[in-house]
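Undergrad: Annotations for this protein, taken from Swiss-Prot, read as follows:
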MOTIF     13-23  motif ''HIGH' region'
BINDING   Cys144, Cys147, Cys157, Cys160  Zn(2+) binding site
MOTIF     342-346  motif ''KMSKS' region'
BINDING   Lys345  ATP binding site
DOMAIN    582-688  domain 'tRNA-binding'
Amino acid sequence: MTARKIFVTTALPYANGNFHIGHIMEYIQADTWVRAQRMQGNAVNFVGADDAHGAPIMIAAEKAGKTPQQFVADIAAGRKQYLDGFHIAFDNWSNTDSPENHELSQQIYLDLKAAGFIETRTIEQFFDPEKNMFLPDRFIKGECPRCHAKDQYGDNCEVCSSVYAPTDLINPYSALSGAKPVLKTSEHFFFKLSDPRAVEFLTEWTQNGQHVQPEVAAKIKEWFGTRTNPDGTTSEGLDDWDISRDAPYFGIEIPDAPGKYFYVWLDAPVGYLASLKNLLNKRGEDYDAYMADPQLEQYHFIGKDIITFHTLFWPAMLKFSGRKTPTKICVHGFMTVNNGEKMSKSRGTGLDPLKYLALGMNPEWLRYYLGAKLNGKNEDIDFNPEDFMARVNSDLIGKYVNIASRAAGFIFKRFGGKLGEVSADGQALLAQLREQAGPIVAAYEARDTARAVRETMLLCDRVNSYVDANKPWELAKQEGMEARLQDVCTTCIEAFRILTIYLKPILPQVAAEVARFLIVPPEQFAEVAQPLGAGHQIGQYQHLMQRVTQEQLDALFEPPAPAVEKVIPGGEEIAPTITIDDFAKVDLRIAKIVKCEAVEGSTKLLRLTLDAGEGQTRNVFSGIASMYKPEDLQGKLTVMVANLAPRKMKFGLSEGMVLAASHADEKAHPGIFVLEPFPGAQPGMRIH
């Protein structure tokens, strides 16, 4: 059988935060499928990337005082601990700001334009009058025009999955300032999804039963025809897709339109191809030749919240730019906790991946539990702590791991680690195990790991029944039963090897440890049929896995301590610590305001004539005119910096500085307050 050639991706995480458990679930699902493919001898390239573009990244980077590129790089630096921690083995990890993605995105756009799928239109676009910028979709919120759900984003509804223009929102508001946005005109670029060629292609591609799950196809079908919304209104057909955004924007510039950028959802999926190209470039392989192979299969694992982009826009972009369309879009549901409850850290129902690892919880417990739940459909799966403990302790350890511990010691101690011959009853049992190789591999192919786990656990039950019936611990006590003891224990070890192969895509670390114990190279599915044989030497068994404890689960779901809001006095952080010698360099003196007058041509400054006990006065300008009238200050005592170098200003020479206090946020906390010493202080006195 010819090896398959497969290209696999997961959805790109947005590079503005850490991975959450939904990311980890998807990556484990895809990683398991990739491992199962490789165990059949198939050649797989498994790539990921950070989704690096868009206004949210730009704004977050600005707040952090970083460039968008540095902000994304800092987020990406934290990815490895998650991926390594849960044994998720991508072949490459890139980001959508890579040179490869710039090149591919721009070329795909030009190819679509040449095919007649791009047109420009002057549109009305929301503009934030307070922030003085056009608002990206994700910074506009309002009521969905289709189902009327509240607080939906400006590009798609998370309730009914509709995609629309931001101007379609009802009662929109800026998510940045809360202001009501105003409409301004701008020229935008559209991908003509309503073109009859696109409609014909997408109708066939999504409904032919080959590329998406049946339940996903049924949902997509609604978008092609007339839809009745919950409020009784109707919507019809596919809309053209606005693929451009106005500067300022962090993204890929449209090649023939300076100041215009691709909407993030255009270049994000192209990032799949770009990460693959980056990988192949590193290997010195030809990307174009790889993608041109008609036997190449292309799989995308995604969540059900981004079906629209991956089943309409993405295949149409690829098709009409002359590229290969995806073989399959593999859609999964969300993860809930405790029988459907949404995750919330504050309520103690959040599952933090890093906390899980920090508590010393085995990553393969979670891989196994998710494997036992995921079934290839886009159904939500629930993490129930009691169910988790039962499946790990009773099934994974009690049924599977313990098989080896019940037999390995006898082989090592009584027979020098050498396996023996297997008699007829053992051969019959092993034959039953080998017969399930086809169905289990088929379950992995269908991403129905729940069925693969279920079938494997049923086989574990058969093996444990064999152990209970033959009682090797009693055989070991009986004279003349050495051959039978070696026979039974050899059968158990061979059965354990087969079961380990079946679980290897889900439990790669356990499988590696079992391979070391059995002294065999990493095994493929085909090697289920090839027994170790009499005389094979095995090593000493080491315990493979601890049981999960209630204390670990309690700690995992313990709500975090209430956050104590950091107090920032006056709206500004305290300055870095200085020494007494540093402070002594500043000469602060009591000064009397002999004269105070407004400055002609300035609304902010007052001119102060100060007596600092020097036998002569000083001229000082101070920006306090908004708070004080000249007559209010004349004759008052204040504090001045006496050794500040004179500064030449537009209105004259300033020979010092008067000290005054104000809040950092003058808009929220207006006011400037000149310092005034207690009675008794005299001009010229130094402040220590």
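Quick reminder: no glycine exception, Cβ is built from N, Cα and C everywhere.
Quick one: how deep are these features, and who are their neighbours?
TA: If one looks beyond the motif ''HIGH' region' (13-23) by at least 6 residues along the same chain, the residues whose Cβ comes under 8 Å of a Cβ in the stretch are 50-52, 54, 56-57, 60, 71-72, 75-76, 78-79, 82, 95, 303, 334-335, 343, 350-354, 383.
In the three-state DSSP reading, Cys144 (Zn(2+) binding site) counts as coil. Counting every protein chain shown, the Cβ of Cys144 (Zn(2+) binding site) has 24 other Cβ atoms within 10 Å.
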Undergrad: Looking only at the domain 'tRNA-binding' (582-688), how are its residues distributed among DSSP helix, strand and coil?
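TA: Counting residues per DSSP class in the domain 'tRNA-binding' (582-688), I get 7 helix, 41 strand, 59 coil.
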Undergrad: What is the total of other Cβ atoms whose distance to the Cβ of Cys157 (Zn(2+) binding site) is within 10 Å?
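TA: The Cβ of Cys157 (Zn(2+) binding site) has 19 Cβ neighbours within 10 Å.
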Undergrad: Let me know how many other Cβ atoms fall within 10 Å of the Cβ of Cys147 (Zn(2+) binding site).
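TA: Cys147 (Zn(2+) binding site): 18 neighbouring Cβ atoms within 10 Å.
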Undergrad: Over the motif ''HIGH' region' (13-23), what is the model's average pLDDT?
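TA: Mean pLDDT for the motif ''HIGH' region' (13-23): 93.
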